[in-house]
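Chemist: One structure follows; several queries about it will come next.
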Amino acid sequence: MLRLLLALNLFPSIQVTGNKILVKQSPMLVAYDNAVNLSCKYSYNLFSREFRASLHKGLDSAVEVCVVYGNYSQQLQVYSKTGFNCDGKLGNESVTFYLQNLYVNQTDIYFCKIEVMYPPPYLDNEKSNGTIIHVKGKHLCPSPLFPGPSKPFWVLVVVGGVLACYSLLVTVAFIIFWVRSKRSRLLHSDYMNMTPRRPGPTRKHYQPYAPPRDFAAYRS
């Protein structure tokens, strides 16, 4: 932007000298909503003459933005060979260029050029002072009642949902493992705490009682 401001001092308005046309422009314009109107005022009578008015972009005027060609008695031809959306209108000692759909990176200095094509002699203007067109970005304010969620918000929602599902699966798996482990410990504990049982009383087999014999009595 500083370079463009310095350019205004490098290209002062040129006064009419013999076969030159004086062209004046506004020093600076701001393009709101990506559109701007630039008027090129000249001090030359173009009535009944065929002329060509063009708008150029850059300090070296390398880009021809828009062209208005014709005369007062015929319909003007307006065109752009560089992709700009432009229109033109011929007024009283002025040509107005209407530029639309401008981009922020098209902020630059623009120069008007007026040429008398017919009848001879050919006339044009010295380089004018130029106009800096500052294209401001279009900011859309969200509705306060129904604000539209931004893309990062949905990304966070999706990531949060995935993490929640993962946490739920891990929790369920842990609970299942814990229940099974607890059941296994209980079964093992019951087995270890079982007291050994003594075998039941066995039935004793008694010999039938027989009184002892006194063999001495038999001897006597």
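Cβ coordinates are placed from backbone N, Cα and C, and glycine is handled just like the others.
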Chemist: Looking at TYR69, TYR103, TYR110, TYR191, which residue has the phosphotyrosine feature per Swiss-Prot?
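Modeler: The candidate carrying the phosphotyrosine note in Swiss-Prot is TYR191.
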Chemist: Can you look up which of CYS86, CYS112, CYS141 is joined to CYS40 by a disulfide in Swiss-Prot?
Modeler: CYS112
Chemist: Looking at SER39, SER43, SER189, which is the one Swiss-Prot tags with phosphoserine?
Modeler: SER189
Chemist: Counting across all protein chains shown, how many other Cβ atoms sit within 10 Å of the Cβ of CYS40 (disulfide bond)?
Modeler: 27
Chemist: Within its own chain, what residues at least 6 apart in sequence put their Cβ under 8 Å from the Cβ of CYS66 (disulfide bond), listed in sequence order?
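Modeler: Within the chain, CYS66 (disulfide bond) has Cβ neighbours under 8 Å at SER54, LEU55, VAL78, TYR79, SER80, PHE84, CYS86, ASP87, GLY88, PHE97, LEU99.
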Chemist: For a quick check of packing: other C-beta atoms within 10 Å of the C-beta of CYS86 (disulfide bond), how many?
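Modeler: Its Cβ shell of radius 10 Å holds 21 other Cβ atoms.
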Chemist: Across the topological domain 'Extracellular' (19-152), what are the DSSP residue counts per state (helix, strand, coil)?
Modeler: 5 helix, 69 strand, 60 coil
